[in-house]
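This report refers to the structure that appears directly beneath it.
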Amino acid sequence: MTKSYNYKLTHFVTSAPDIRHLPVDSGIEIAFAGRSNAGKSSALNTLTNQKSLARTSKTPGRTRLINLFEVESGIRLVDLPGYGYAEVPEELKRKWQRALGEYLQMRDSLKGLVVLMDIRHPMKDLDQQMVQWAVDVNIPVLVLLTKADKLASGSRKEQLNQVREAALAFMGDVQVETFSSLKKQGVDKLRQKLDDWFAAIPPAQGSPETE
């Protein structure tokens, strides 16, 4: 039976401008990625039932660092810099994108990717690039269509079906679900997927086994 992790115990570990400043590359990391207004921080706060675990901001693109959170020893969640921001100097934008790309390509402990998209504007070019990259390197993806409370039930189901249909083109392990931090919708499915991903890989050597 898959272990259920207590995400309420998640705590902040460190922020890093690039992978060279991250802790040792061991254990299991699940990363959260998305456009700068997709609701990443809100989703992490909802998942962990903590109001301010991840800083939320009215200003898109405030997540400028790779932020690591630990659920328990060797089990981590990662909040990646938002992409697709407009109100940012070009040089800084390139710096963030380089840090994001390095993490995705070189971090061995990365074992799953949650890509968050506003349900009203899903599958933008950068979103598709993010999913395609993960599929290319055999990393499973969970697409969360955030702010689902902004659409009526019928429109929500229609959008979900359209994105699921579009996801088939990636020909990889890509699951699509709706999510609302406000209504707590989709939280159980997110937790279940994280539990499954964390269970798929044995803990890092030296980590205490927990039943």
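Cβ coordinates are placed from backbone N, Cα and C, and glycine is handled just like the others.
Per Swiss-Prot, the features are as follows:
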BINDING   34-41, 61-65, 79-82, 146-149, 179-181  GTP binding site
BINDING   Ser41, Thr63  Mg(2+) binding site
DOMAIN    26-200  domain 'EngB-type G'
Which of the three DSSP states, helix, strand or coil, fits Gly34 (GTP binding site)? strand
Let me know the DSSP-derived helix, strand or coil state of Ser41 (Mg(2+) binding site), please. helix
Quick check: in three-state DSSP terms, what is Phe179 (GTP binding site)? coil
About how far apart, in whole Å, are the alpha carbons (Cα) of Gly34 (GTP binding site) and Ser41 (Mg(2+) binding site)? 10
Nearest to Ser41 (Mg(2+) binding site) in three-dimensional space, by Cα, is which of the binding-site residues Leu65, Pro81, Lys147, Phe179? Pro81
Counting across all protein chains, other CB atoms within 10 angstroms of the CB of Leu65 (GTP binding site) number 17
If you count the C-beta atoms lying within 10 Å of each candidate's C-beta, which of the binding-site residues Gly34, Pro81 ends up with the smallest number? Pro81
Suppose we draw a 10 Å sphere around the Cβ of Lys147 (GTP binding site). How many other Cβ atoms does it contain, all chains included? 22
Counting only residues 6+ apart in the same chain, whose Cβ is under 8 Å from the Cβ of Phe179 (GTP binding site)? Ala43, Leu116, Leu144, Leu145, Thr146, Ala148, Gln185, Gly186, Val187, Leu190
By a simple count, how many Cβ atoms lie within 10 Å of the Cβ of Asn37 (GTP binding site), its own Cβ left out? 20
Which three-state DSSP class does Leu65 (GTP binding site) fall into? coil
Top of the binding-site residues Lys40, Ser41 by count of other CB atoms within 10 A is Lys40
